[in-house]
Amino acid sequence: MNDNQTVIDLDLQIAVEGFELPSQAELELWVKTALRDTMSEAELTIRIVDVEESQELNSTYRGKDKPTNVLSFPFEAPPGIELPLLGDLVICAAVVKQEAMDQNKPLIAHWAHMVVHGCLHLLGYDHIDDSEAEEMESLETHLIESLGYINPYKEQ
């Protein structure tokens with residue numbers, strides 16, 4: 001499947017003000033890149049939030065009482081039902097900005113990385129153990145570099 005054939009229905013929710021955010025077109029490109037060769041169509045929500053909402057969701061769903069860069073909530077259809085609904089990503093603008101500065105990375109490249117990373121989680125990838133982490137990071141690096149950005153795991 002050619003990634004240009006992937007149809008994306010992206011519901012973008014912006015629940016934060018005062019940050020430089022990527023455009024809907026950029027977000028859609030990054031989602032299409034992450035879904036390359038996996039789905040012909042996909043529906044997902046990306047919600048960009050503040051520190052408080054990120055921390056509340058991270059505490060509720062992961063037991064970690066701090067904000068985080070991206071949370072992924074995959075949609076699980078009942079058995080036998082095929083739907084293009086992928087799930088939801090919640091991205092904290094303040095954390096992404098701070099991480100980009102701390103890691104000396106261009107903000108736009110870090111946004112791309114967070115969207116690709118979150119989409120891979122929606123597809124079932126994880127980084128709980130070393131072998132899973134290695135597989136996921138390798139795929140992330142390939143996808144991010146295909147977008148023209150540098151390896152997100154390379155020290156700056």
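Positions of Cβ are set from backbone N, Cα and C atoms, glycine also.
Cross-referencing HIS127, HIS142 with the Zn(2+) binding residues that Swiss-Prot gives (HIS117, HIS121) picks out HIS127. Each of VAL70, SER72, GLY118, LEU120, TYR125, ASP126, MET136, GLU140 belongs to the same chain as HIS117, HIS121, HIS127, is absent from that list, and has a C-beta within 8 angstroms of the C-beta centroid marking the Zn(2+) site. With the fewest other C-beta atoms within 10 Å around its C-beta, HIS121 stands out among the binding-site residues HIS117, HIS121.
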